[in-house]
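In what follows, a single structure is set out as structure tokens and then discussed.
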Amino acid sequence: MTDKKQNQAVDWQTLGRLLKMMFSNYGGRLVLAIGGIVVSCLATVLGSYFIQFLIDSYVTPLIGKKAPDFGPLLQAIGVMGVIFASGIIASLLYSQIMAATGQRVQKTLRDEMFTHMEGLPQGYFDQTNAGILMSTYTNDIDTLMQMIMQAFPQLLNSVLSFSFSLVMMFILSWQLSMISVGVFILGILIVRFLIVRSRLYYQQQQREIGKIDGFVEEMLSGLKVVKVFSHEKQVQQEFDQKNDDWQIAATQANIYSTSVFPIMGNVGNFLYVLVAIVGGTLAINGKTALTLGTIAAFLQLSRSFSQPIAGASQQLNFIIQGMAGTRRIFRLLDQKEESDHGTVTLVNVEADETGRLNETAEYTGKLAWKTGTDLTLLAGNVTFNNVDFAYGQEDVLHQVSFVAQAGQKIALVGPTGAGKTTIINVLNRFYDISQGSITYDGINIRQIKKDDLRASLGLILQETHLFTGTIADNIRYGRLNASDEEVKQAADLAQATAFIEKLPQGFQTRISGNSSDLSQGQQQLLAIARAALTDAPVLILDEATSNIDTQTEQLIQQGLENLMAGRTSFAIAHRLSTIFDSDLIMVIDDGRVVEMGNHDELIEKHGMYYDLYHGTLTLE
Ligand SMILES: Nc1ncnc2c1ncn2[C@@H]1O[C@H](COP(=O)(O)OP(=O)(O)OP(=O)(O)O)[C@@H](O)[C@H]1O
């Protein structure tokens, strides 16, 4: 979106898309609501117009009569009552319809956004601030709903009231109408100035609130770091600055937008007085055929002619805010979902008496790649052939080649920023490589369905994410249909049972989503148990760097050893002590594999690994 477009009063493309979406889903309701608005406006204008008849045909003839008959007058007042009552009913109807429609659109869009977001590539989240994304779900959806429930119907109401009143006014008196149009043009010029100013500040206000959301999100996730470095004061100052920027923009936006009503109200009053004076003078001089009823009706109509201008300008502001939010919502919905052309799937298999593999829906603990109707037992051989990769323009991996054989323990070591995590990111296809190939049991990973590829790779990250629920629920996240017994076995294998059983309700103990009630070591043990339950044939471990007490560290190490037995594993090592027994150690530097071999071979080489081992080089 260009800046020019952002500053445009209304982005017609976005508006068109929104209206199309609303009409295609809720066409019937919207037509009914529009009908309600038309009836409500007509009722107001006709009611005012009727005053002319009421005075000229029913009230004036009664003046001076000795025994006046009020019957016809009462009848006429009754008709007027019916007109106004139908206006009230119609306006209640359209308000209700628009409120319900706004809520439905909100729910539909939120669902769509969430579903769509789940399909977006990792790269999108790496580049998008989570707070700004959150703000799309909350603020932008809110302003959109306000726009649909309030601004759209009231704007249409204002435009119709204005147009109907104008027609009626010309029918009553073209001279007074010309005066009104002159005053109207003056009003429009004032409102236009105010709107342009307030629009700029409203847009700025939305941008500032997005920045605040982003900042709060970032600070919440990094609160510990802030405390460790005692940076609370700087953070507070930075936050205050952002909050001040928001306040300045919001105040300016409000000053201009709230001036519109009082100013236009007074323009309306001015018009009222002007019409009364000019109309009265013309009637007294007998220059025109203006009756008392005509002047009274005209005065009433001049109100419903001038008031909508202020109302419409106010609603236009809400529409501008709503459109900015809608644009961000559509931008999220337009993000390209992760493409997946893979056809090879992962299935559970069991062997019959002859050793032939048969696919089964049951969990068997044995997996196979399914290509067409062919089944190949998943072994866990992974090969990188001259892999190159770049994040955008930045080349990160260069000619990376290695063979990880089924069941081998592979360790990746190297300085920070060397590209270890990136090797894992391209293996599970969070990102696609630019050159070379990666094969898994001889199949190019591009041919494997992404979900199935990822299901075959168990991931244990440095930061364990636990969800609000019981300990058992959290382990079961690894395989949702696992039985209690299987959950317990996984915890046993991960060496987690001892600490779990010490908790008040054992496996049924509830923990909170931010897992502050468990130590980091305990969280790691749960992550290992979870991965054990997933039973993925290939494991990826991003070793924790944090300080964990020696006893828990030994437990974790034992849990990992148990888990790695019989599986191909890739461990990103931050301490060399955990990788001495690896089958293959790859030393990565600046996106290249600079050395490869087992511990003894690499020590003999007297290269980078040797320097790391002897402390001449460090990993962090
Ligand atoms: N999402 C990303 N977008 C752009 N560049 C990135 C991204 N992730 C990593 N990089 C860059 O790629 C390079 C390799 O990063 P990577 O995370 O693979 O290193 P690493 O060896 O795992 O480091 P560490 O041990 O510190 O985790 C770094 O220069 C980093 O700045």
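Including glycine, each Cβ sits where the backbone N, Cα and C put it.
According to TrEMBL, the features are:
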type: DOMAIN; residues: 31-321; note: domain 'ABC transmembrane type-1'
type: DOMAIN; residues: 382-615; note: domain 'ABC transporter'
type: TRANSMEM; residues: 30-53; note: transmembrane segment
type: TRANSMEM; residues: 73-94; note: transmembrane segment
type: TRANSMEM; residues: 155-172; note: transmembrane segment
type: TRANSMEM; residues: 178-195; note: transmembrane segment
type: TRANSMEM; residues: 270-299; note: transmembrane segment
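Among residues of the same chain six or more beyond the transmembrane segment (270-299), those with a C-beta under 8 A of the stretch's C-beta atoms are 48-57, 59-60, 169, 172-173, 175-176, 179-180, 183-184, 305-306. Averaged over the domain 'ABC transporter' (382-615), the predicted model reaches a pLDDT of 88.
Non-local neighbours of the transmembrane segment (155-172) in the same chain are 34, 37-38, 40-42, 44-45, 48-49, 52, 180-181, 294, 297-298, 301-302, 304-305, 307-309, 311-312, 315-316, 319; each lies 6+ residues outside the stretch with a CB under 8 Å from one of its CB atoms.
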